[in-house]
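Novice: Heads up, here are the entries from Swiss-Prot:
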BINDING   R49, T50, R99, H127, Q130, A252, P253  carbamoyl phosphate binding site
BINDING   K77, R160, R211  L-aspartate binding site
Amino acid sequence: MAHLFTLSELSVTEIIRLLEDAEQFRKGHFWRPPEPMFIANLFFEPSTRTKCSFEMAERKLGLHVIPFDADMSSVQKGETLYDTVRTLEAIGVNALVIRHSQDAYFEELRHTVRTPIINAGDGCGHHPTQSLLDLLTIRQEFGTFAGLTAAIIGDIRHSRVARSNAEVLTRLGAKVLFSSPEEWKDEANPYGTYVDIDTAVAEADVIMLLRIQHERHAEKMGLTKEQYHERYGLTIKRAKKMKANSIILHPAPVNRDVEIESSLVESERSRIFKQMENGVYVRMAVLKRAIEEGRMANGNYFEKWQVVQ
């Protein structure tokens, strides 16, 4: 399957292969298709890190990026996502990167669109490339996932990052802890155990802090930013309870002094900006997979890819 909608649809072997490819890109290996390839990034939600790192990855691979601005497209005239995607497929785009506010937007495209689609985030659903860059960061630090404890802290219910990470970390042999305000618990997520934040911080090898998803809340948060930070944030006091070799992750954007004390964002334990760096390598690996498997699915079985080292 050339599409990447969720990590749950990939085997552990496929996930590890993507991480290995990403690590090779980090070490300076390059891959180029033998002919021009065209990519369109369809972002229907605001994005800095995901959009820019996809564009960086595409340019590093020598791919041609087709500009797309949802606010200036026919979407504003009522065109559906399906028709937008089919239009780009018809004009010859080789792969599509899509972020959309609708959960599981890709289900209507799964069996009707042959062009590979990479999910860059669907509503409160999934964020596979964020999970992959988190996995790469953890793997670089610990060399394995088995036996690790990962604490996911914050707005669990509305976070696609929490959903994606909890599932894949469990499959890879890690223990997942959740900690959040009562109203933001996701009781439908079977992959973690809820504990209080102090227990989570003390037991975790990996502390994953989540941004408060204000744009997905039907009601305003019942706490002030200061109250949230005191009760559920990674404060200086809580950070002192961390294990000797534990690390801090955050998908960003970071609300400083809300989810995490500002001085901890670039502290010795933080890998937040390392995650962003790894995002480029992971997305290079994902794009390579999409184009290779997309061409195979379309009958180009005898094409050979050029690997430049």
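Quick reminder: no glycine exception, Cβ is built from N, Cα and C everywhere.
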Novice: Excluding R49, T50, R99, H127, Q130, A252, P253, which residues of the same chain place their Cβ within 8 Å of the centroid of the Cβ atoms of the recorded carbamoyl phosphate site?
Specialist: S47, T48, A120, G121, V161, P251, G279
Novice: Mind giving me a neighbour count for A252 (carbamoyl phosphate binding site)? Other Cβ atoms within 10 Å of its Cβ, every protein chain shown.
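Specialist: Summing over all protein chains shown, A252 (carbamoyl phosphate binding site) has 18 other Cβ atoms within 10 Å.
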Novice: Could you state the whole-number distance in Å separating the C-alpha atoms of A252 (carbamoyl phosphate binding site) and R160 (L-aspartate binding site)?
Specialist: 13
Novice: Specify the nearest of the binding-site residues K77, R160, R211 to R99 (carbamoyl phosphate binding site), where nearness means the distance between Cα atoms.
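Specialist: So, spelling it out, the nearest of the binding-site residues is R160.
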Novice: Nearest by CA distance to R160 (L-aspartate binding site): which of the binding-site residues is it, out of T50, H127, Q130, P253?
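Specialist: Answer for the nearest of the binding-site residues: H127.
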Novice: For R160 (L-aspartate binding site), what is the tally of other C-beta atoms lying within 10 angstroms of its C-beta?
Specialist: 23
Novice: What whole-number Å value do you get for the CA-CA distance of H127 (carbamoyl phosphate binding site) and R211 (L-aspartate binding site)?
Specialist: 14
Novice: Considering the binding-site residues R49, K77, R99, which residue's Cβ sits among the greatest number of other Cβ atoms within 10 Å?
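Specialist: Compared across R49, K77, R99, the most Cβ atoms within 10 Å surround R99.
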Novice: How many Å lie between the Cα of P253 (carbamoyl phosphate binding site) and the Cα of R211 (L-aspartate binding site)?
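Specialist: Per the Cα atoms, P253 (carbamoyl phosphate binding site) and R211 (L-aspartate binding site) stand 7 Å apart.
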Novice: Pairwise over K77, R160, R211, annotated as binding L-aspartate, what's the top Cα to Cα distance to the nearest Å?
Specialist: 33
Novice: Near T50 (carbamoyl phosphate binding site), which residues of its own chain have a C-beta under 8 A away, given they sit six or more steps off in sequence?
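Specialist: Listed in sequence order, they are F43, R99, A120, G121, T129, Q130, G279.
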Novice: Looking only at Cβ atoms, how many others are within 10 Å of the one on P253 (carbamoyl phosphate binding site)?
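Specialist: The answer is 11 other Cβ atoms.
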Novice: When DSSP is mapped onto helix/strand/coil, what comes out for R99 (carbamoyl phosphate binding site)?
Specialist: strand
Novice: Looking only at H127, R211, which of these binding-site residues has the biggest number of Cβ atoms within 10 Å around its Cβ?
Specialist: H127
